[in-house]
Amino acid sequence: MGLNYFFDSLQDQFDNLEKHTQWGIDVLEKYIKFVKERTEIELSYAKQLRNLSKKYQPKKNSKEEEEYRYTSTRAFLATLNEMNDYAGQHEVISENMTSLITGELTRYVQELKQERKSHFHDGRKAQQHIETCWKQLEASKRRFERDCKEADRAQQYFEKMDADINVTKADVEKARQQAQLRHQMAEDSKAEYSSTLQKFNSEQHDHYYTHIPNIFQKIQEMEERRIVRIGESMKTFAEVDRQVIPIIGKCLDEITKAAESIDHKNDSQLVIEAFKSGFEPPGDIDFEDFTQPMKRTVSESSLSNSRGDGKSEPKFGGKSKGKLWPFIKKNKLMSLLTSPHQPPPPPPASASPSAVPNGPQSPKQQKEPLSHRFNEFMTSKPKIHCFRSLKRGGAGPEDFSNLPPEQRRKKLQQKVDELNKDIQKEMDQRDALTKMKDVYIKNPQMGDAASVDHRLAELGQNIEKLRLEVQKFEGWLAEVEGRLPLRTDQARRQSGLYEAQNTAAVNSCAQDRESPDGSYTEEQSQETEMKVPATDFDDEFDDEEPLPTIGTCKALYTFEGQNEGTISVAEGEMLYVIEEDKGDGWTRIRRNEDEEGYVPTSYVEVYLDKNAKGA
């Protein structure tokens, strides 16, 4: 009974150990699954970081590339590159965890399962062996007990037969022999039982003191190795992260370094260099004395910024040597400062030529201050049609005369540098072909020396053309930089061919000069910081498309246009209307392609076209 209890207790211990070790394997597999999901997160995070970095990288051949010349945008680009490296470190984390933890633990779990199965198999085998020995001992004991009882009964029967006088001697001898046989069988069973008992005791001792402890020891060692292994895996889990921390730290240091490299002064200077025009600000506006009975005149020191003797031009559309403020056409400037602000003279009492056309102003006319028109002009947004056409892909002047002086200088310098590079390439090719020709001359079997003469001639022509181009652009560059004080007639004739090729582009810019209300819009003026002859300045406007006519008019009185911007008309003369009265008392008319100006509205009878009115 006692041994059965021990056997049952031992079996229960095996069951408990089996459950515990299985739980340990489940914990290990759970940890493997955790690490595997962590590696997937690291890969996903690295992929998202790379996509983010790629998304904000500047596109090739786009406007964004130009923006990366500023230190702030370069710092941002460095941040994007470092984030790409940062993502690479997370990929390293994923790879190391997969190889050092997930893969190793997966193999270890398989080995652990096999070892556990072997240990419990040995335990069950030992348990079955001791139970078999116990059964053998019990059988031997029962046999010995049975034989002893049989021997006692045989002995009692013999003694009974021997005491009975009625029993024959043969029966007594037979009972005696039977008793001796049973006694001998009992002795044999006793000996067998004794041997079996000794053997069982030995097996039991080995079982409880050797085999089972060894099995338990192996199971314990197996479980301890599992615990140690999961602990080492957790340390590796941390070490994998710790190994990339220096590199991640370097990435962050580079980002910090890039941020510290941002130079606001340098960026501001780049903006200044990119957009400075080189124009000079206008001079002061002269005081206009309205107490004198004379017409207001345009101040020569105002926006026109004259550098001459201050005399006004006698004719509208005449040549001016003064330098204009950026984006102001000459006729636009004159129209702003003359016709809209000077009230027209009242109509004469009679149509005789002796009438005073330029008499005192009508009291009903309201004066609009010059400062008001100047502020309106300066605050209006210029419409730079030429720049817009260039952005759309239109061709601009070859000498970049459509740009402000400083921008023009940069473009010309860039063009000169590009041409010099092209010349160097052509010269390198020529030198290489020359060496090849020398080799052919020395070794005719390698090739025909005359076969490269044609190509050498082409290279020579190309180099000569490029040098001429360089000279042309260097001349323009010298003109802009002030090395050439004036453009000579010969230089102007040389550049006339190139300017004629770009007439269409200039005309396309001039077509959009007039705004819907009939007034001029600011347009870009291609002026340099040096004095340019009046003929050069006005050549830019000679090919401008004239404003369309919107009707006709008949002069009711004779008007002598003595002020700048006005035009003289004779009584009864028929003329074209190109701009109607805007409420200031002046109407703009045209006699022919070369003569146009303003006349008082009260001096003419206007006949507008119906289409013009609708427009």
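Cβ atoms are placed via backbone N, Cα and C, with glycine included.
Remember, it's a predicted structure, so these values are computed and weren't measured experimentally.
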### Query
Quick one: which of 89-122, 123-156, 497-530 does TrEMBL have down as region 'Disordered'?
497-530
### Query
Which is it, of 30-61, 158-189, 574-605, that TrEMBL names as coiled coil?
158-189
### Query
What counts of helix, strand and coil residues does DSSP assign across the domain 'SH3' (548-609)?
3 helix, 29 strand, 30 coil
### Summary
Counted with DSSP (H/G/I as helix, E/B as strand, rest coil), the domain 'REM-1' (402-479) has 72 helix, 0 strand, 6 coil
